[in-house]
Amino acid sequence: MDARSVEELLSQLARATDSDTIRNITSTLNTQVYVSPECIPALVQVISNSPMFEVRQLAAVELRKRVSKWWLKIDDAARVPIRAQLLQVVLSEQHNLVRHAIARAISSIARIDIAENKWPELLSFLNQASSSATVGHREVGIYCIYTLFEVIAEFLMNQTGHLFELFSKTIADPESQEVRATTVLALGKLAEFIDPEDKDNINAFKQMIPAMVNVLEASLKENDDKNAREIFEVIENLFMLDTPFLSEHLADLIRFLLTVASSHELDDSLRELALNSLMWGSIYKQSKIKSLKLVAPIIESIIPIGTEEDPEDIDDDSPSRAAFKVMNALASNMPPQQIVPIMMPIVVNYMQNQSPGHRKAAMMSVAVIIEGCAEFISTMLKEILPIVCAGLQDPEMIVRRAACMALSCLAEELPVEMAEHHQAIMPLVFNLLNDTNPEITKHACNALDPMLDGLEGEVLQYLPMLMEKLIWLLDNAQQTDTKATALGAIGSAAHSAGEGFQPYFNEVMPRIRNFMSATDGTDEALLRGVATDTAGAIAEAVGAEVFRPHTQDFMNLAIEQLTLDSPRLRECSYAFFSVIAGVFGEEFAPFLPTIMPAILHSCKAEESNEPNLETEIDLTVGDEDEEDLDEDDLSGLNFNSAIADEKEFACDALGELFENTRSHFLPYVDESLQALVEATGHLFDGVRKASLGSLFAYIKTFYSLSSVSDWVQGLPVNYPVHENVQKILQLAIPTVLTMWSDEDDRMVAVQICKELIQALKLMGPCVVADHVEEISDHILEIFEKRSTCQETYDVEDVIDEDEEAESESLLIAAAADLVAALCETIGQGYISYFNAFLPQIAKYYASITFKSTKGPGERLMATGCLGECIGGIKSGVTPHTETLLQLFLKAASDEEETVRSNAAFALGVLVANTQTDLSQQYGSILSVLHPLFENQTFPGTTDNASGAVARLILAHPNAVPLDQVLPVFLNALPLKSDFAENEPVFESLFYLFRANNPFVMGHIPQFLPIFSSVLSNEEQLGDATRAQLIELLRALNAQSPDLNLGSSELGRFL
């Protein structure tokens, strides 16, 4: 192959400016040059001889690409001079970009040859070059070593002693900043391959850290932007690695980064890089930062950076915005006790500062920590809210905008607590909706949306003024974002107001329709999607009768969206279909033939890679074998999250549609069921959750379509189960269990437990009849922290401890609830499994000894679960009576009231079900129950204590000191919230009346208002208990005519 003709083609390509010429030359190269091994020596000749650096660079790039395919097709003898020529030319090349391209071509050959020991002289050559007296040679040598780490890292890791010796010299090169900086990059690569247990290499690396920071500092002083950026990336990577390279130098490194971030002499982009490094350090080295007491210095250094001016474009970066990202990372990964008390005095101080930048920083500091410190902040809301309200009234726009963001975050994270302060907040938000600055109105709407969700019925008092302002914004706002947020706020208002939204229905719907009709442009698509969501919220609020005249029109618009080539709009349509089906039920069925093909198509859609039009297309790349692709070449195979989101909504819609249209949906069941089964294995957890939910919706809908009779406890199943229900269970439950075995997302595993619980409570043991052992094995894996979704990193620094603890706690609680449901539905047939689970559940009462759990939540779970289990297995609890009694007695005096409440219930059911005579323990039991009858925050606590006392009376009435207990018992009636406890309470009263107990017979007038209260509310008593109470009243009326029951409120029940 003639090297001169190859050079001429590459010269034409380098000079070409139009796409047709580029395409034609590229085609010639791909079909005539790159189809033969001869292209390798030809490209090397071009690199050696072309006078144009652009051509030499292009030839080197092409050589790197072709090596993987053709190098081994060249004779061994011919390869030797090529290697030698490349080493010679890389030393003599003067242009940096060309040198780098040649170095990468050398690396691509080394990847093949080093493994076969075909190029033993390469490393000695690079060592000599890196130690040469000629600075250019040192730059080439160290850069080649750096690129070799990308291809033969495992081989180089056998040379670490020599490499550290070399790097200790090159990192202090007296002449070349490039040598020093490239050494840092090479060390960054080396760090990735050092094992966390390799103490020798870790210690050697630690000794390099100060010098690495010195190189970064020099790059910053010399305004060497390129090298500084690359070294900052190395620092970030060191933060993220498990290996403790930074442990001894972390404090100094953090202080250095804070100094750089605070330096106004540096370019803003470099300060942002320092702040980004601090952010990653806050996430991945949280434990070390806490132990070194660095949280306060970081906060005190970065809040002043937040006072700086921000660019107009919200998408542009700035030191101020980067500083708040660090604050957010700290708040999300550190204990709130180390964040809020340090920050709040600064916030108060800044709010009194005359500089708007300081007041803006104060508000933004509050906004960014709320998500990570929500629970702690909820206890300080009375202190923080007045500060935010002051910010909402600030004369400066940047302060009001930041205060709106703080208010929005508070409303999203603390909806219940914030709703209590609506009278102070809502007038301020209304004022902001009148603001002349469109940015403020947009942020006011953003703050308003979550506030409305928390208001519920309280929203009605604000609706007239609220709707007037929101409709005005729809008609007059210039910014698309403002209109979209106003639309969302209208949907939230409708959701909270319910039927109270009807007076505004006719005024709003034409505007919603107008936005749903838009078809052109990105802005219109955004508005159309939000309008669709809002239309659904309004339909749900006002109900079928009011919405019916508009149904066909809005359904047509939602169906039209399916053809607009927008995954986001298809999502909105599927959600709208689900809502409208829920509003109209079987009346929705005529739309199914129109919408189901699109929904099924989305469920089956492949997340194929779509071209990224924002990246340059390299027209010089020829066809290569799949196995020859570099890792970089695979970067385009990105997961298409837009299609995955669309699939999630489509899968979710299937369950909603079947539940609401019932038998009309049956023609679509087989095809859709197959799609749902396949979707349970999807990469995206949202799709798995949606498909799981719909599978169980199918199960429950088939069950409700069958002639349902009450299920019966126990296995084998001894109640009729329709054939269709059996078939869906035979398909769905094994699919779910297969999914559970491989599930790596804890929240999906939580949903599996919850779906099984709901199905068990509705349908009984038929749900799990053939799978009890497999399900129980999965539960045991969770309790023993062996399930797939509990596998995590061993190194403490790389996890978010709060998030880890929360998801772990939810998972354990869901598994425990599933055990209780299995006990309830299977009964004594589940005793052997309960015996195995008991120690696993009971240990969580002492959860304060388990680092990864939160004490009160776990203690609450353990006591609640065990009480429910006892109610299911009944006398099967007997062998565990003493163990559980001691646990419940301790829990009844727990510092957390909700735990005490659960313990009271559990004590009652234990006494009621065990065959062990606990009458000798009544003194101890009553002594821990007695405090629960007074000064309790939650009414359910006393209700559960009342139920427990009732069960004690029923089990061993003679062991209860009735003359002391009954006055307290009577005073707690009627029950206030937990009406399920009315069953034992009234059963015990019936017993006492039958026994002519002196106390109850002497206090009949005091019992009558209690009887009237429970009979007046049909939800408080079961049918049998209600009938017995009426019989008691009739007996009392006959026995004591002087009570005049016939003329009282109770007369209607006689």
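Heads up, the Cβ atoms here are built off N, Cα and C, so glycines get one too.
So that you can see what the record holds, here are the features copied from TrEMBL:
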type	residues	note
DOMAIN	26-92	domain 'Importin N-terminal'
REPEAT	163-201	repeat 'HEAT'
REPEAT	384-422	repeat 'HEAT'
REPEAT	425-463	repeat 'HEAT'
REPEAT	884-922	repeat 'HEAT'
Spatial neighbours of the repeat 'HEAT' (163-201) not adjacent in sequence (6+ beyond its ends, CB under 8 Å) are 96, 127, 130-131, 135, 138-139, 142-143, 145-146, 149-150, 153-154, 156-157, 207-208, 211-212, 215-216, 218-219, 222, 224, 227, 230-231, 233-234, 237-238, 241-245, 795
DSSP composition of the repeat 'HEAT' (163-201), residue counts helix/strand/coil, works out to 26 helix, 0 strand, 13 coil
DSSP composition of the repeat 'HEAT' (384-422), residue counts helix/strand/coil, works out to 32 helix, 0 strand, 7 coil
Residue counts for the domain 'Importin N-terminal' (26-92) under DSSP, helix then strand then coil, are 57 helix, 0 strand, 10 coil
